[in-house]
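What follows is a set of notes on a single structure, which appears directly below.
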Amino acid sequence: MPAEPPADPTKYRRILLKVSGEVLMGEQGYGIDMKTVDTVAAAIKRAVESGVQMCLVIGGGNIFRGLSKAAGDMDRATADHMGMLATVMNALAMQAALEKIGVQTRVQSALTMNAVAEPYIRRRALRHLEKGRVVIFAAGVGAPFFTTDSGAALRAAEMGCDALLKGTSVDGVYTADPKKDASATRYERLTYQDVLAKDLRVMDASAIAMMRDAGIPIVVFSIRGEGSLRRVLNGEGPFTVISGQV
Ligand code: UDP
């Protein structure tokens, strides 16, 4: 598997795009903003039309997070189950937005929910991708005490993706939180080891370690704004690449 993004990034054959729940709530403080979902769906459609096979993982933080205040003194496993169900709702919203504009999709859930989504079956997912369908992986890894970042890393490795693109509301990894510290600067490149040693909190340590072991680069970028996904697929910044070497 490649340890580096392809020299010509337009040659991405298959990617996994992780979209955090926070992005989907748009300007709202909570929930799903369908206008934002439509904008992300339109960007995905353009990527698919350019010939890239797309896997999608959508977070759930816009609806429920296992470690949130709303979880109160609920036991962690129960709260995390609710968080996983939130990712299924987001996956269905994204599926609706994509199908509305003519993009074929399948939702595969790590928690079996036969009336709603296909169960996760690796070989079946690969077949969907080969047919040009977007596969949306819901419910993370299907177990509590994980996040959708780990789900994204696991599926990216299983699907043999060339890169894991993490679409957030910030255009890369910064030395400090750019929303709180005006002097924060963006890293162009980092190694997996840097991220772990500096505790940069881009993704969970387990997700970073999994990508390091699989040799899959992570590209962190802002998915807000027109054309951002297309630019990243063309290798144009701003973004931060996390890989085996700087
Ligand atoms: N979750 C889980 N196992 C998984 C994936 C998700 O328990 O494999 C739960 C966990 O409570 C998490 C929530 O689902 O906080 C929503 O996912 P996440 O926080 O990763 O969403 P994001 O931050 O990307 O919006």
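Quick reminder: no glycine exception, Cβ is built from N, Cα and C everywhere.
TrEMBL: automatically predicted annotations, no manual curation.
According to TrEMBL, the residue from Gly60, Gly160, Gly167 that belongs to the UMP site alongside Asp80, Val141, Gly142, Ala143, Pro144, Phe145, Phe146, Thr147, Thr148 is Gly60. Looking at 26-31, 128-133, the range tied to region 'Involved in allosteric activation by GTP' in TrEMBL is 26-31. The Cβ centroid of Gly60, Asp80, Val141, Gly142, Ala143, Pro144, Phe145, Phe146, Thr147, Thr148 marks the UMP site; residues of that chain outside this set whose Cβ lies within 8 Å of it are Gly66, Gly83, Met84, Ala139, Gly140, Ser150, Gly151, given in sequence order. Checking the binding-site residues Gly61, Thr168, Asp177 against ligand 1, the ones with a C-beta less than 6 Å from an atom of that molecule are Gly61. Take Gly60, Asp80, Val141, Gly142, Ala143, Pro144, Phe145, Phe146, Thr147, Thr148, the residues named in the record as contacts for UMP: the widest Cα to Cα gap among them comes to 14 Å.
Put simply, Gly60 is the one of the binding-site residues Gly60, Val141, Ala143, Phe145 whose Cα lies nearest to the Cα of Thr168 (ATP binding site).
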